[in-house]
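Heads up, the thing below is written out as structure tokens.
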Ligand SMILES: Nc1ncnc2c1ncn2[C@@H]1O[C@H](COP(=O)(O)OP(=O)(O)OP(=O)(O)O)[C@@H](O)[C@H]1O
Ligand SMILES: [Mg+2]
């Protein structure tokens, strides 16, 4: 077990706790950078997909994991980010501007939507946001002249500083683009967590009443969380649509929202790592399942199998490992560090329940 | 000089009058206790000051400012901090982060500055941490600094909650039953802390407490409530020996 000696306040403010941790993350980053040389184009595409899901997941994580507001409406923000970005590109705005602008527009819409949703808690908020997702699906169909409706839209070619980014001719460039986006989002996320805003998010999540007594404006904090969350997820949605090359209302159905929520629960609510681990699970599950069904000799695809299996995994996690994959890893790590002194009940679960279930 | 003034304040929950035409003043620099049997309306007075409830009549002023014109989250900016009877901490966050939320009213940086972690943010964070570290030293919380609240014993949580209020550097500290559920030693510590909070930090304290031993040791003045109305007011001895107070306690069978 490593013991950190803290000698200045910066120790707690820095991104990494110590040199060893910084080394680990730099090594991981180096691995991500050389990945295109290590794996073939198919798996590089899968890796890109993981990064895109992780971006969307980070957006929802900020709202649900950090601020405690459950949303089943994030597919709507993915769609908004995607259509905003593509429409701007079609209007002649270069991708390098259209992409962040799409995120900003989605963020502002998300903040606006938050205002009527502020009074809702827990399950009620989940239902209201689910309605938003379904409504957006319909809106995409109805606004056919702009969105292409059911027939969908072809993603325009992406060009950044004269370099064309195409998933077939330059998969590595696509991968790097997704990597840069997710890294920037992660950095912003981390910065928020070590600043007053991030602590206000946690305060609202854990006790609205004492957050208020400490001067946190609940409505404002939730609105900001909604806005930033929608903005990040919008960026992820734009990447997802562009990566798919063709997208329509089906690309962003409410099922995607549910998958996104499952993803962050399985990964570990409240942890940045959770968004990434969940993204790995959700991106590779279809492959694992198709290999499994193939080896069982089944030739026809079973409809709903993916969602069903994923739902089952989520229920198992909620029952047995509410802190998700990342929580499990933390336990394994502590066990190894303390070996052989770890105690069995060290992580015994405290009684916990949703705040909404609590009687005031 | 009076810091906090309640003037003829009444609050009803449906048919129940929880606070009944209550007038009181808390002077700058004193330790003032509210006592009374269960259900007397003590916590309700705190919730009125925190603006969680709005009285049907009466005025509440703090250092000349009309509190009734403020929203609950604006009250701390005047320098009023509080604890809760049933401990309301941020359970999934660490002790350090809980205390840092206490600094919320002192933040000056904008959202964009925070997202980019500009030097201004780091400077401000250092100042916040310096203030919080002082509180950690004062309350001997070093062993729990990076622990999550969810795993901490009751007594420690109680202290953390007081620490969070102190971290905001308030002028008036409201403590709702600071010693309830604490061991004899912990209560003893609480007594020294409250003394130091007043003497060294110059913070005015208004507390609700059932432990009359603690009240008579740390408080300058005591106000006894029963059924939301004032029974008696004065030094701890005067109030404890007041016939109406003895009657109220015996009458409800609550021999606190
Ligand atoms: N939100 C509420 N709605 C309805 N009635 C309430 C509410 N809060 C308090 N009361 C009632 O108001 C009265 C005063 O309650 P309060 O919590 O202020 O008592 P207290 O003096 O703090 O008692 P204790 O010593 O038990 O903490 C009680 O009868 C209580 O049941
Ligand atoms: Mg009470």
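Each residue, glycine too, has its Cβ placed from N, Cα and C.
The structure displayed is predicted, hence computed values, not measured ones.
Annotated transmembrane segment per TrEMBL: A:20-39 (among others), in sequence order.
Under the heading transmembrane segment, TrEMBL lists A:45-63 (among others). Distant neighbours of the transmembrane segment (A:45-63): 35, 39, 69, 71, 74, 77-78, 167, 171, 174-175, 178-179, 181-182, 185-186, 189, 192, 201, 225-226, 228-237, 239-240, 243, 260-261, 263-264, 267, 269-272, 274-276, 278-280, 282-284, 287; these residues of the same chain sit at least 6 beyond its ends, with a Cβ under 8 Å from one of its Cβ atoms.
What TrEMBL records for A:70-89 (among others) is transmembrane segment.
Residues or ranges marked as transmembrane segment by TrEMBL: A:95-115 (among others).
Sequence-remote contacts of a segment are chain residues at least 6 beyond its ends whose Cβ falls under 8 Å from one of its Cβ atoms, and for the transmembrane segment (A:122-143) they are 69-76, 79-80, 83, 113, 149-150, 248-249, 252-254, 257, 354-357. Summarising the annotation, TrEMBL assigns transmembrane segment to A:122-143 (among others).
If one looks beyond the transmembrane segment (A:172-189) by at least 6 residues along the same chain, the residues whose Cβ comes under 8 Å of a Cβ in the stretch are 29, 32-33, 35-36, 44-45, 47-48, 51-52, 54-55, 58-59, 61-62, 158, 160, 163, 165-166, 232, 235, 239, 243, 272. Annotation source TrEMBL lists transmembrane segment at A:172-189 (among others).
Outside the transmembrane segment (A:224-244) by six or more residues, the chain places 48-49, 52-60, 62-63, 66-67, 69, 71, 74-75, 77-86, 99-100, 102-111, 113-114, 117, 153, 155, 158, 167, 174, 177-178, 181, 185, 189, 192, 197, 201, 204, 251-252, 260 with a CB less than 8 A from a CB of the stretch. If you look up TrEMBL, you'll see A:224-244 (among others) marked as transmembrane segment.
The feature transmembrane segment is assigned by TrEMBL to A:256-284 (among others).
Beyond the transmembrane segment (A:296-320), the same-chain residues lying 6 or more positions past its ends with a Cβ under 8 Å from any Cβ of the stretch are 255, 258-259, 262, 265-266, 281-282, 285-286, 289. TrEMBL lists A:296-320 (among others) with the feature transmembrane segment.
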